[in-house]
Amino acid sequence: MQTAAWSELARLASWRRITVLCVLSLAMAASEGAGFMLLVPLAAYLAGSAALPGQLAWLAEWLTGLGFTLALFVALVALRAALDYAYRIRSLDLTVRIVDGLRLRAVEGLLNAEWSALSKMHQAENRALLITTIDRVSYAVTLLTGLLRLSLLCAALLLAALAIAPAVAAIMIAVAGLLALLYGVVRRRARHWGAETGRHYTALHASLEEMLGALRIVKSYGRERRSRDETAAVFGRLRDAERRYLEHTALARAAFQIAMAAALAALVFAASEYRLLAMSALLPLVAVAARSASQFGALLEHWQQWNHAAPALDQARAVIAEAEANAEPRMSAPAPIRLAQRLTFCGVHYGHRGGTPVLAGIDCSIGHGEIVALSGPSGAGKSTFADLAAGLLAPDAGTILIDGKLLGSEERQAWRRRVAYVQQEPVLFSGTVRGNLLWGSADAEESELVAALDRANATFVFDLPNGLDCDLGEASRHLSGGERQRIALARALLRTPDLLILDEATSALDDDSEIAIASAIGALRGDCAVLVISHRGRLSAAADRKFELAGGRLRQSTGHRHSLPPEPALTQQFSANSPLLP
Ligand SMILES: Nc1ncnc2c1ncn2[C@@H]1O[C@H](COP(=O)(O)OP(=O)(O)OP(=O)(O)O)[C@@H](O)[C@H]1O
């Protein structure tokens with residue numbers, strides 16, 4: 001893992017927490033090592049001899065009797081249990097901080113990124129990041145704290161072994177080093193399968209989302225079996241990657257157990273056959289060796305699992321880095337922007353992903369209080385035009401002006417606060433109707449909510465259970481497309497915007513509702529600029545001017561219904577190439 005990733009983990013966890021965890025791990029390791037060393041005098045007493053190995057003679061002088069030794073032993077176990085409790089709580093706390101910190105950074109990165117970057121991002125990857133990938137990071141961090149604890153514990157056990165029988169302990173250290181080297185091979189495979197698992201989880205998210213979104217069409221086409229098989233195939237690829245990894249882990253584990261059992265057997269055989277050690281040292285040494293073997297095995301397994309889970313951190317960091325690299329400039333208090341005269345496009349070019357321009361030299365303006373309708377073939381760039389007008393996108397070339405003031409990257413953020421957008425597929429949030437309306441305009445009074453619902457022809461809300469306080473969590477699934485659109489329109493109207501954009505916002509409405517909405521839009525004339533994107537005649541009929549977008553160019557399809565005040569500076573500036581300026 002790169003240094004940057006380590007320092008990021010440390011920053012999220014905080015050095016204070018890491019230090020506390022290190023101290024606790026060290027104390028646990030020391031208490032366990034000391035506990036094992038106490039086995040030496042215990043064994044000597046039990047064997048009926050107070051004779052201790054030379055290097056532990058000081059212990060014999062210090063310990064006065066069996067009772068004291070046993071009491072000390074129990075005290076050490078109690079201390080270790082208390083430390084273990086504190087360690088688990090601290091370890092969880094550290095993991096949660098890292099994981100929540102990373103998840104919040106990802107959320108912030110996505111919320112602060114430019115819309116142009118967000119609209120290009122693979123949303124399944126973002127969802128996989130926020131759910132599965134960061135959960136895998138959580139597992140990786142738990143393994144990392146476990147690695148720290150187990151490393152210190154193994155070191156303490158080996159120190160205890162060194163104190164009991166230095167020569168034998170040196171052989172144990174050599175065997176452990178050799179096994180760790182061999183595990184290096186398994187480590188690389190674990191990394192590989194970890195990265196594969198991450199990719200398959202992302203694919204699984206995309207596949208499940210697609211399947212859930214397509215339930216209606218799947219059922220109406222009778223394609224349940226096919227959908228099931230496709231989903232099963234994605235599951236299969238994920239399980240295959242997990243199985244291959246598990247095969248490696250299980251194989252390495254079996255090899256390790258055999259190697260350690262052979263080493264222990266050799267130790268006992270050599271010690272008893274060639275009388276290398278006194279019984280008082282042999283028994284504690286075997287106990288330390290057995291405990292070391294199991295803990296060292298756990299250490300190597302943790303290491304392998306960490307290598308499998310660690311690619312999730314790289315994956316998460318890559319998505320977060322992409323979002324952060326596309327961050328909008330930060331503004332502490334953006335200067336408010338109001339539209340008092342007109343929003344103007346001057347020679348605007350735009351191509352998605354820097355590809356073929358969707359808009360190629362657009363010159364037009366929308367006056368304050370004017371209603372403009374935009375039509376054109378599918379894919380002509382109408383929504384792209386709306387995104388530019390709303391300050392979501394910046395032109396590749398040309399300029400957008402609000403009352404003659406350039407809409408730069410900082411101004412765009414302030415301008416968006418004055419825009420309300422209703423799209424074809426309206427977004428309603430979980431919660432009540434009231435919550436959804438207040439989401440757009442937090443200070444609105446009850447009477448304003450009612451008036452907005454009335455203007456949006458959404459009075460059906462009053463007949464819902466609990467009316468404005470109806471919880472849409474469940475109900476929104478049962479609302480029709482038209483009902484959802486009308487609530488979204490009421491939310492937009494409440495915002496009293498300077499520019500209201502309706503992007504096919506009445507596509508799901510019946511004729512009567514559309515007539516009512518058209519008259520509500522007509523009533524906005526003079527209050528705010530309205531951009532209506534619609535293929536349907538009724539809404540367009542309410543417009544002062546109608547534009548048609550085709551082949552990247554804008555054409556005014558009919559004359560003015562209402563004349564707007566001229567804009568001398570801009571008319572002069574663009575008179576040669578801007579026939580659409582009023
Ligand atoms: N985020 C994006 N990345 C790449 N291409 C995009 C993106 N959004 C839109 N496009 C492409 O840009 C072109 C214009 O799309 P846009 O949605 O603006 O058209 P539209 O006129 O609103 O279409 P419709 O009436 O079908 O909604 C299309 O070819 C579309 O595929």
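Including glycine, each Cβ sits where the backbone N, Cα and C put it.
Since this is a predicted model, take the numbers as computed values, not measurements.
The feature compositional bias 'Polar residues' is assigned by TrEMBL to 570-582.
The domain 'ABC transmembrane type-1' annotation in TrEMBL covers 20-272.
The feature domain 'ABC transporter' is assigned by TrEMBL to 343-576.
As annotated by TrEMBL, region 'Disordered' applies to 554-582.
Feature annotation from TrEMBL assigns transmembrane segment to 20-47 (among others).
Marked as transmembrane segment by TrEMBL: 59-83 (among others).
The annotation transmembrane segment is assigned in TrEMBL to 137-161 (among others). Long-range contacts of the transmembrane segment (137-161) within the same chain: residues 9, 21-22, 25-26, 28-30, 32-34, 36-37, 87, 91, 94-96, 98-99, 102, 168-169, 172-173, 176, 285, 288-289, 291-292, 295-296, 298-299, 302-303, 305-306, 309-310, 312-313, 316, each at least 6 residues beyond the stretch ends and with a Cβ under 8 Å from a Cβ of the stretch.
Non-local neighbours of the transmembrane segment (167-186) in the same chain are 154, 158, 161, 248-249, 252, 255-256, 259-260, 263, 267, 271, 276-277, 285, 289, 292, 296, 300, 303-304; each lies 6+ residues outside the stretch with a CB under 8 Å from one of its CB atoms. As annotated by TrEMBL, transmembrane segment applies to 167-186 (among others).
Positions annotated as transmembrane segment by TrEMBL: 250-270 (among others).
Across the residues of the domain 'ABC transporter' (343-576), the predicted structure has a mean pLDDT of 83.
Packing against the transmembrane segment (20-47) from elsewhere in the chain are residues 53, 56, 59-60, 63, 66, 69-70, 72-73, 76-77, 79-80, 83-84, 86-87, 90-91, 94, 145, 148-149, 152-153, 155-157, 159-160, 163-164, 279-281, 283-284, 287-288, 291: each is 6 or more residues past its ends and has a CB under 8 Å from a CB in it.
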